[in-house]
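> Sharing the record's features from TrEMBL:
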COMPBIAS  143-173  compositional bias 'Basic and acidic residues'
COMPBIAS  174-183  compositional bias 'Pro residues'
COMPBIAS  192-203  compositional bias 'Basic and acidic residues'
REGION    143-203  region 'Disordered'
Amino acid sequence: MTGQIPDAVIYEDRSYALAGQDGEGLFSPSALGLRPVPMSTACWRGHVCEYTVLGGELVLTGLEMRVEGEPPTVFGLAPVHREGARGPRYQGLREPMRFTGRLVLGRELLSEWYVHMGFQSAWKYEEVRELVFDDGRLTEAHDRSEDAARRRRAEADAHRRRSREAGDQDRARPGPPLPPPLPAQQDPTHAWIEKSFRRDIDL
């Protein structure tokens, strides 16, 4: 599998990855009667958004989206086709988003934590911001970078502990390694895969 391309959020003139969300009111193709198709293995959902916080309001300012057949107009704009683009790009959008909830933004993804699956969790970024909106209006902004750093330390400690335990078990167990788990025992992996595509807030 492939890591998925995140939406972007421009906040205070800096571009962040949308690493987590909890709320309602972001751009939804289905609300316009559209059904995107995958643009690549890195974009199974078929669209990528760019949001910008302008004057304290959350606004949709960019969109790449692929659908079957002729690309539609979106909010009155026709797409611009550019060589090398993942899909038709809509430029010049200024569509207010009536989002209510929280967005967690990440900047400077730490390569040692990257996984080839779904969206990258917020704690894998060096710089993390949490923005709270009410009907599209920014009401709170918090720096969550230290929370992300604490989570990374906890994950690293847990990884070292599991590695030690696995090493101890290997030394104590003679003979060949254990067989692969049965299908019923693979549910935790399936749950992890599903979670990686949901973009839940994870700090």
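Backbone N, Cα and C atoms are what each Cβ position is placed from, and that goes for glycine too.
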> Checking distant contacts: for the compositional bias 'Basic and acidic residues' (143-173), what same-chain residues at least six beyond its ends satisfy Cβ-Cβ under 8 A?
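Residues 104, 106, 110, 113, 122-130, 203.
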> By DSSP assignment, list the helix, strand and coil residue numbers for the compositional bias 'Basic and acidic residues' (143-173), in that order.
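Secondary-structure composition of the compositional bias 'Basic and acidic residues' (143-173): 28 helix, 1 strand, 2 coil.
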